[in-house]
Amino acid sequence: KKSFSSGLTAMEKKLAEYKCNTNEAIQLKLVRFPEDLEDDNTTFNPEYSHQVFGDDEVAFGYKGLKILLYYIAGNLSTLFRIEYTSKVNEKFDCVEADDVESKIREIIPPGFCTNTDDFVSMLEKEVNFKPFGMLLHTYSVHNEEAGEDITYQIYKADMTCPGFREYHERLQTFLMWFIETASFIDVDDERWNYFLVFEKYNKDGATLFATVGYMTVYNYYVYPDKTRPRVSQMLILPPFQGEGHGAQLLETVHRYYMSSPTVLDITAEDPSENYVKLRDFVLVKLCQDLLCFSPGKLMQGFSQEMVMEAQQKLKINKQHTRRVYEILRLRATDMGDAEQSRSYRLDVKRRLIGPYKKKQRELAKMRRCLRPEELTNQLNQIDLNMQHEQLEESFQQLVSDYRRVLERLAQA
């Protein structure tokens, strides 16, 4: 019996060596020049691969597994290859390796190439690639490394643009690796708008375009004749993150909808923490010069005038306007002054306690249905103390988030 169990562990040990973390195994590249293929500095890895490889983010059956997904920087033509140093064998090891290839094929569209030579010859045609749709905004960012200003452009596209449907299929595969709950959208629904960011770069004296990121927005219909655009997905590709492109994109999208009389306001679907921080910055930047947000008015509290003006002029909804008000009021408040800071704290906490109060009312309703002796007064007391602590914690967290927004604004 003993020898059997130790035999098992040896086998287990051996098989454990054939497990690979898929976030490390998947190697992504955006290729501009043939030499990028050999340059490790141009490689980046997914943040997530659970949607493709399960919650453990593991592929079994390979040693030294590399899943290469290389994209041509502009039109995203794809090279897909799998490399490994060894693989388990059903005959000898009595286990089967995961079918990594078919898992990847499920999310990347057909038409990719599998060898480097084909990929390099596709790279030569990249000079013909031009952005899709209508140019909305051009901006430049100073690049320390290159020692020059780099130009970026934002376009609005739709499925009627020739070649865009196929391009979008390649582009959306990145969502799986960088958005935790990503899903592909129904592109046949005409109410989707697509906003794309490109970088202009030079190659052998020609101007080429590289994909930087994008946003999808769904136009919800609001009776009788309005729409309410909802931001669905937004991704700035990792090599470009932290350079301010997200803010440029979101502001451009807001400005695009601001000019439309049929748009009520803009919302977002299930926003991430990072997206909320980005939106706070962009909306505060847009709102800070509105008359309704002058310091005097901020000190009088949140008003219907703010809601109206932000919605009509900037297409910002009530909930987001309230956050903008709190951030701008923080800027106008001397937190060292006991009276001012107390007034600010109460104002924000009054909003934060709303959901608690609703919960209290629901509990009270439940309590009417239960026998009084089942519920002691203690319950309420514990509840209140916890509330105060949680409330204070939420408040402190908000203020530190708000301060970051204001710091970024001061540098903008």
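Keep in mind that glycine also has a Cβ here, set from the backbone N, Cα and C atoms.
TrEMBL does not curate its annotations; it predicts them automatically.
Feature list (source: TrEMBL):
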ACT_SITE  E269  active site, proton donor/acceptor
DOMAIN    18-180  domain 'Histone acetyl transferase HAT1 N-terminal'
DOMAIN    279-330  domain 'Histone acetyltransferase type B catalytic subunit C-terminal'
SITE      W192  site 'Interaction with histone H4 N-terminus'
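Long-range Cβ proximity for the residue listed as 'active site, proton donor/acceptor', meaning a same-chain Cβ under 8 A and a gap of 6 or more residues, is found for Y218, R230, V231, S232. For W192 (site 'Interaction with histone H4 N-terminus'), other Cβ atoms within 10 Å of its Cβ number 17. Helix, strand and coil counts from DSSP across the domain 'Histone acetyltransferase type B catalytic subunit C-terminal' (279-330) read 41 helix, 1 strand, 10 coil.
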